[in-house]
Amino acid sequence: METLNTLKYANRARNIKNKVMVNQDRASQQINALRSEITRLQMELMEYKTGKRIIDEEGVESINDMFHENAMLQTENNNLRVRIKAMQETVDVLRTRITQLVSDQANQVLARAGEGNEEISNMIHNYIKEIEDLRAKLLESEAVNENLRKNLTRATARSPYFSGSSAFSPTILSSDKETIEIIDLAKKDLEKLKRKEKKKKKSVAGKEDNTDTDQEKKEEKGISERESNELEVADLANITCEIAIKQKLIDELENSQKRLQTLKKQYEEKLMMLQHKIRDTQLERDQVLQNLGHRFQCNHHRNRCIKGWSPAENENSCGKSPGLTNTHDKWNQQREELTKRREKLSKRREKIVKENGEGDKNVVNINEEMESLTANIDYINDSISDCQANIMQMEEAKEEGETLDVTAVINACTLTEARYLLDHFLSMGINKGLQAAQKEAQIKVLEGRLKQTEITSATQNQLLFHMLKEKAELNPELDALLGHALQENVEDSTDEDVPLNSPGSEGSSDSGTSEASLSPPSSPPSRPRNELNVFNRLTVSQGNTSVQQDKGIINPFPASKGIRASPLQCIHIAEGHTKAVLCVDSTDDLLFTGSKDRTCKVWNLVTGQEIMSLGGHPNNVVSVKYCNYTSLVFTVSTSYIKVWDIRDSAKCIRTLTSSGQVTLGDACSATTSRTVAIPSGENQINQIALNPTGTFLYAASGNAVRMWDLKRFQSTGKLTGHLGPVMCLTVDQISSGQDLIITGSKDHYIKMFDVTEGALGAVSPTHNFEPPHYDGIEALTIQGDNLFSGSRDNGIKKWDLAQKDLLQQVPNAHKDWVCALGVMPGHPVLLSGCRGGILKLWNIDTFVPVGEMKGHESPINAICVNSTHIFTAAE
């Protein structure tokens, strides 16, 4: 138990407050005080020099009003600059609007005279825009010239040596002649001062002589004479100083006058040039419009035919082709049917929404069907427009007497018109060629889809027939019905093995194939079954179909509203693999994909078709690389690297192993089934990379990276130093020609290796990037002097390759493993994909997220880019 004295002592101890004191002697304190005083005086002196502080006549210190005024003027100047910028933007917008209004007015005038043309409208718009720009430049030049004249007048009126005479008022000094007169008056004034100076000098000299001779007589008046003499000398000095100042000012004024004359001459020349250019442009515009008006009048009949188009009127007046007429009628009927169907679906959707709300599944299905109908209607509208254009082209070709004489037009063209026509035809030819190439690519894509649809339809018809055939064996009425239907459709075919060689199994794309070719002929109920039963025939048919459907195709990806709002938009999807895609590589023309289905497919990005499939791998294809210099493809599966020469019909020329062995040809060709086990002495190869010159291949296997010389196809050594399996690597080349290899491992570390040409044996790392990640490294990519790493710890780090330091990091960049990284072509944007299927975009400089989107429903296994596109690999 504590006593009262103990508690009091504790209370006093708690109330003790310590004060910090600086132990300094008097000399140090005085030195510090003097230093602070010197600093204060220096600041005050600086304020006096800059004019901030002043002392008035009474000796009172105050702040100069000019300082406050300058601060206010500076603020006002900044505000005026902002307003000028805003007004300039407003002027640009108004000028654009005026141009658009004038061009619309001109288009309306042309439309009244004849049919308007988009190309002519664009040409008129360009002419008006050029005229408005030239007019704006002319007004700006005139304003600058007027401002310079006002400044000259104001400067001349404020000159200090004109003694405020009314003869020098600003109204008189507004012209160049008056400026010259001012200079002449100033020179005359200067001459008067010089004559006065000479007289003063003579009078002073005479007084000095008299003072020397009569010095003894005038001793009493000596003091007064000296004072007068000193005053005259001072006046003489003042006059001399004033002469020098005025002489200098006159010289400066003359130089300024010369400069202003030069500027005036230049601006007048520029104004004349702009006026001539505006006049020439207006004349050219009027001439072109006049020529176009004549042509519109000549083609008035054909324009009336285009405007008032109807099937009956055109047949009577223009005499168009019956085939095109029938086609046009069919398109119109189809459009009306689809429109009615869409209206019915819309009414049905409204009823369902009123009853069950928009979350109903039927509403989603109806929306999809309406989108499909809208797309079909748009296609039919385009087809109708093309049909109308073809009809009018045929009619124009048939008309006699209205053909245009090209030679006469060429001879009548001026040089400016010919130049414009050549530019116009060149741009039109390029655009038409581009449109034709795009249409051809779309046609090829649609043909591929049509072929695939026909194959699927044939297979479904065949399956349906087999199912009905089995049911018919138990139901004689159904068998008789099938036999009657088949006898009506199969009159020209007598082959009983049609189902085995049907277009459905062979992948035929003939659009004229009859229904009979899709089903076998009927047989009576008592007929014995064929040697191949229904299930065997079905298996054979499916097998043949799968062989034909093995060819993949790049289809357009249907864009939804959510995707359009995303920073990136998926436009195509390559379909052909049966399992998840694990790796991808690309050039501007080719795409290479490796999958869990043990194949690597080569795609043509121009046509959207699969070129070939590289098979025979023992297990999943985990990495693929293509060398532009040698046209070789390298694919990785388990512990093997297959080297393919795609120039020679996808031939495997060599097989490399993780232990450094080389085998000619395909060493895995004997393996037809999936092999999970890895041979002894070998390691799983996780990723490969090529150096920029394509002469060395680096393969990450186990805890090391094996180096391969592709000129000799020999292993030259290993990159060692990791304590865990190397999961990813990337290769760059530094200025000295050395290969810079960056590796990421499951041991959480990233290491750097410098490999010179001819390096052999084990190579140790030159740098170890720290701090490490909290989990294994999954992806690496290099952009300039920066390295980006993605890890299983869900984070992304940015490293400086020059300083070898960590610049920035995002600890929780994704909610799951960061599996892939890439750089957007042509933009400073980093792409990252995670195991959750999320694709994110980051600013490379600031590392701030730019956007994100749901790229896939499955993990994003790889990201690859070429000069224009981004490719992501997933299931």
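For all residues, glycine too, the Cβ spot is worked out from N, Cα and C.
Each residue in the domain 'Kinesin motor' (1-16) gets a DSSP state, and the totals come to 11 helix, 0 strand, 5 coil. The feature domain 'Kinesin motor' is assigned by TrEMBL to 1-16.
TrEMBL lists 24-158 (among others) with the feature coiled coil.
Summarising the annotation, TrEMBL assigns region 'Disordered' to 196-229 (among others).
According to TrEMBL, the feature compositional bias 'Basic and acidic residues' maps to 205-229 (among others).
Taken from TrEMBL, the feature coiled coil applies to 236-284 (among others).
Residues annotated as compositional bias 'Polar residues' in TrEMBL: 315-326.
What TrEMBL records for 315-345 (among others) is region 'Disordered'.
The compositional bias 'Basic and acidic residues' annotation in TrEMBL covers 327-340 (among others). Sequence-distant neighbours of the compositional bias 'Basic and acidic residues' (327-340) (same chain, 6+ residues past either end, Cβ-Cβ under 8 Å): 311, 373, 376-377, 380-381, 383-384, 387-388, 391.
Marked as region 'Disordered' by TrEMBL: 490-531 (among others).
The annotation compositional bias 'Low complexity' is assigned in TrEMBL to 502-520.
Long-range contacts of the repeat 'WD' (574-613) within the same chain: residues 441, 444-445, 448, 550-555, 619-626, 628, 633, 635-637, 644, 646, 649-650, 674, 858, 861-869, 871-875, each at least 6 residues beyond the stretch ends and with a Cβ under 8 Å from a Cβ of the stretch. For 574-613, the entry in TrEMBL reads repeat 'WD'.
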Which residue counts does DSSP give the compositional bias 'Basic and acidic residues' (327-340) for helix, strand and coil? 14 helix, 0 strand, 0 coil
Per DSSP, what is the residue tally for the repeat 'WD' (574-613) in helix, strand and coil? 0 helix, 24 strand, 16 coil
Integer average pLDDT (0 to 100) for the coiled coil (236-284): 78
